[in-house]
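> OK, Swiss-Prot features for this one:
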- 11-205: domain 'tr-type G' (DOMAIN)
- 20-27: region 'G1' (REGION)
- 20-27, 82-86, 137-140: GTP binding site (BINDING)
- Thr27: Mg(2+) binding site (BINDING)
- 61-65: region 'G2' (REGION)
- 82-85: region 'G3' (REGION)
- 137-140: region 'G4' (REGION)
Amino acid sequence: MAEKEHYVRTKPHVNIGTIGHVDHGKTTLTAAITTVLAEKGLAKAEDYSQIDAAPEEKERGITINTAHVEYETEKRHYAHMDAPGHADYIKNMITGAAQMDGAILVVAATDGPMPQTREHILLARQVGVNYIVVFLNKCDLVDDPELIDLVEMEVRDLLTEYDYPGDDIPVVRGSALKALEGDKEAQEQILKLMDTVDEYIPTPERQTDKPFLMPVEDVFTITGRGTVASGRIDRGTVKVGDEVEIVGLVDKVLKSVVTGLEMFHKTLDSGEAGDNVGVLLRGIDRDQVVRGQVLAAPGSIQTHNKFKAQVYVLKKEEGGRHTPFFSDYRPQFYFHTTDITGEIELPEGTEMVMPGDNTEFTVTLIKPAAIEKGTKFTIREGGRTVGAGQVTEILD
């Protein structure tokens, strides 16, 4: 049996993706980037059909087609997300299946910004993609350079409209198809694009550098030692002796100190993002901590009942609802590890939400949850997933 390739972490890692209107060349650009970098020995060339036949993934009960390619520049290691269909993009961005540190917005110079261009920019803004680099594609098909200048101005205005620094965002012009076909000048523009991405999109703060957060999945007692809360560490690190807070489902925040940590039945000095651990808590009774709460670094997260959310509602074919819903709809919101009933209030001018819609609304929970801007959730009804979303604004 062949040994698995070991991932060697020598360069900083950044997650990016291509966004933009259908047929503007997102997948062609993805293929062109890998092809051009492959010539420098920094990537494996992926052809269009490989990327376009994206495998299905399940993220929190929702099926999404996503292609992931990886490549390197001289400075960084990139994981690049590309989704074949428009609905896949929306689901990807809202469920956080592909958490992007930055995005390459692809706009065809032949068309200019189109409806999905706008929708993707809005979504990127809502889900916290703070850095966008623009690639004006198909420039070889436009004879008059002044027309390309006009398209660039339109794109900059559109970005400004959604609170991006439209005047300062870097714009690179080129032709992804020509680069794929081996045109030297077009390939130079692809390298210029990647240099721009290297420079403009900052290296993200690593998950381990963020404040500790662990959703509690299970609670048990070790006789003579105390109460253990177990779960997967979402972010940050925790070590024996750390002070933590138990937050969520009740208004009162409990404080405790970590007196022991174990993973796979072995004791541990410290745990970090991604680890499944049991955390022994000093002075906490078995019934004072429950599934659905979180353990967190003191002061790092609070409970809230009311928030605004950006949501994708599943279609009937995806196992979602068969009928629309209206304001006052009361499903369960599954946060971290538990369901909390909440009432939905649709924005003014929205009568109802149809299966398949991507929408924004306000939620009021019947119990407080440990949430913040960017917290992901699914919407469930009788145990089945009918939607997925994330918190875009806290309202209380």
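Cβ from N, Cα, C; glycine included.
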> Using DSSP, what is the helix/strand/coil residue split across the region 'G3' (82-85)?
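Within the region 'G3' (82-85) the tally stands at 0 helix, 1 strand, 3 coil.
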> Name the one residue among Gly20, Ala83, His86, Cys139 whose Cα is closest in three-dimensional space to that of Thr27 (Mg(2+) binding site); these are the binding-site residues.
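In terms of Cα distance, Thr27 (Mg(2+) binding site) lies closest to Ala83.
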> Does DSSP put Cys139 (GTP binding site) in a helix, in a strand, or in coil?
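Helix, per DSSP.
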> For Lys26 (GTP binding site), list the number of other Cβ atoms lying within 10 Å of its Cβ atom.
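Within a 10 Å radius of the Cβ of Lys26 (GTP binding site) lie 26 other Cβ atoms.
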> Please give the sequence-distant neighbours of the region 'G1' (20-27): residues at least 6 beyond its ends with Cβ less than 8 Å from one of its Cβ atoms.
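Here the qualifying positions are 48, 51-52, 67, 82, 84, 86, 105-108, 111, 113-117, 120, 137-138, 176-177.
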> Mind giving me a neighbour count for Gly20 (GTP binding site)? Other Cβ atoms within 10 Å of its Cβ, every protein chain shown.
27
> Return one of helix, strand or coil for Gly20 (GTP binding site), based on DSSP.
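Its secondary structure by DSSP: strand.
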> When you measure from the Cβ of Ala83 (GTP binding site), how many other Cβ atoms are you left with inside 10 Å?
25
> For His86 (GTP binding site), just count the other CB atoms lying within 10 A of its CB, please.
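His86 (GTP binding site): 15 neighbouring Cβ atoms within 10 Å.
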> Over the region 'G4' (137-140), work out the mean pLDDT and round it to an integer.
98
> Just how many other Cβ atoms lie inside 10 Å of the Cβ on the residue listed as 'Mg(2+) binding site'?
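Summing over all protein chains shown, the residue listed as 'Mg(2+) binding site' has 23 other Cβ atoms within 10 Å.
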> Validating a neighbour-count step here. Other CB atoms within 10 A of the CB of Asp23 (GTP binding site): how many?
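Counting Cβ neighbours of Asp23 (GTP binding site) within 10 Å gives 13.
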